[in-house]
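Okay, so here's the structure we're looking at.
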Amino acid sequence: MLGRMRVVLKLGTSVLTAGTDRLHRPRLVDLLRGMAAVRAAGHEVVLVSSGAVNAGWETLGFPPRDRTLAEKQLLAAVGQGRLMHLYATIAELYGLNVAQVLLTADDFRDRTRYLNARTTLDSCLLRGVLPIINENDAVATGQLRVGDNDTLSAFVANLTEADLLVILTDAAGLYTADPRTHPDATLIPVVERVTPEIWALAGGAGSHRGTGGMHTKIQAAEIATRAGTPVVVAPGDVADALPRILAGESLGTRFLAHGTRLEARKRWILAEIAAGSIMLDEGAAKAVVERGGSLLPAGIRQVEGEFERGHTIRIIAPEGREIARGLSRYHSSDLRRIQGHHSREIEGVLGYTFGPEAVHRDDLVRL
Ligand code: GLU
């Protein structure tokens, strides 16, 4: 009823283990049958799957859960192959081929890698192969990591210009309060906008097996809806959740997309967590908001955070409101030195110049 859609489906560890210690085969069978069904109905599915760390933990005989990063990386390296083996075996029952695509934060930051990943995913979909994405945990630490698969799934939704992001989890959706401690809490069926009130409902992390909780789901919803992709956070233990959602049934919480769908390059700019912020003066803020003009160092009052050239940063108006995001043409330490200066002074201050703009208008997305 909703037409053909490209959907990104995110499955967390708590869904894949169905509340047990191990990846739950019957649950995987149900999920893959659902994916096969929606594909047979003409939709495209891109899967973002956790579960590698858990699979590694099973394989190594359930060592004590000391969650250092090094230990997680070991478990993920052991478990990723096992996870894919399971997926491939079960998918075959439904005549589906699967592909493994491991991504990490750099693949979204670097335009060439981003475009390469997009081409590979497009090729998979074109050939009817189900791409299964996870973070490349074995190589990524610190700043290089996306860190959780909810956020990763939102980046993937951006990357693939998905029509819908479905996050299946061990909660029934977003509630007015934590249902584990507030029995009278009710489900919120639709969220029009991710406001501070919505953030306040997120509470802490959820289960101990996965990384996320409602917090990372709301973060994912914010990233995806801002670029024009609606998000559904729904329970993973309901039979046929994905086919039912794609058939238009209201399940869980739906976060509505705002604005129009952004062009691909602008999606890319929004496809990473901002590394820092710059606060503008009145005039510069006006130029950005009203004319979408480039941002010059002269209009910058303050620079927060450490970022490299080419990283996405938040652009903040004097009253504290975020008005845009953009790619910085200068390193944060350079920006601090040239803030308030006329562009023709840049070379004198730094000894070099990357051009008159701090953020060029082509690299700017107004919010
Ligand atoms: N990449 C991790 C895994 O496969 C999951 C990260 C997360 O739980 O969000 O186990």
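From the backbone N, Cα and C atoms, a Cβ is placed for every residue, glycine too.
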- request: For the substrate site that TrEMBL lists with Asp137, Asn149, give the additional residue from the candidates Ser50, Ser250.
  value: Ser50
Message: Looking at the binding-site residues listed here (Ser50, Asp137, Asn149), whose Cα lies nearest to that of Met214 (ATP binding site)?
response: Asn149
Message: Between Asp137, Asp170, which of the binding-site residues has its C-beta surrounded by the fewest other C-beta atoms within 10 Å?
response: Asp170
Statement: Of Ser50, Asp137, Met214, the binding-site residues with C-beta less than 6 Å from an atom of ligand 1, in sequence order, are Ser50, Asp137
- line: Taking every pair from Ser50, Asp137, Asn149, which the record gives as binding substrate, the longest CA to CA distance in angstrom is 11
Task: Give me the non-local Cβ neighbours of Thr216 (ATP binding site): same chain, 6+ apart in sequence, Cβ-Cβ under 8 Å, ordered along the sequence.
output: Asp148, Asp150, Thr151
